[in-house]
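Look at TrEMBL and you will find H64, E118, H122 tagged as active site. According to TrEMBL, the signal peptide annotation covers 1-21.
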Amino acid sequence: MASNSTFSLFLIFLIITQCLSVLNAATDFDFFYFVQQWPGSYCDTKQSCCYPTTGKPAADFGIHGLWPNNNDGTYPSNCDPNSPYDQSQVSDLISRMQQNWPTLACPSGSGSTFWSHEWEKHGTCAESVFTNQHAYFKKTLDLKNQIDLLSVLQGADIHPDGRSYDLVNIRNAIKSAIGYTPWIQCNVDQSGNSQLYQVYICVDGSGSNLIECPIFPGGKCGTIIEFPTF
């Protein structure tokens, strides 16, 4: 009898340990990528873009997301199917999200599909840091306010005017302003020209401080890249 009871307790302990191990594997990470994208480079590709139902966004870098990542380049995703995006939790942030986190995907939308994707794929993996959806979205918006990429680049005489600029100068301008090295991601326009598309900046695992990136994403840019108009 005691033996059966001991065995049952052992099984329960084993099951709980396995469940906790799965949970930790899904939510543990080392740092965040904070990613902003240039709308002109999204829209002048062969697939083009669609402005949101609120109208053409401002000619400014927009948020793509705040993504948990690991030092080895892997990343968790879709960590909590029981936590779908709930717009009522961020109702006081919607105007900021429309301005700073606009969707450019087709067909035109309000942004809710984009934000839902970002929360469910990436935000749910940071629930150990952000206690709710409001905290996740607010922190991401606050990072955008903290890192004004367009002002930084224009201050270095790098403008979205369709001209080409030295990649090193773009990277150095941002590093001089924020103190940390960014990763520049390029795409190509309809003519195949390499252009400034996204800027990755790393944030520590608490979501509090900018850091040097432990690892950069893949992809290459030309040494000279365009900064298209929008």
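Glycine too: its Cβ is placed from the backbone N, Cα and C atoms.
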Active-site residues compared (H64, H122) - the one with the fewest other Cβ atoms within 10 Å: H64
Rounded distance in angstrom between the Cα atoms of H122 (active site) and H64 (active site): 11
Tertiary neighbours of E118 (active site) (same chain, Cβ under 8 Å, six or more apart): H64, G65, L66
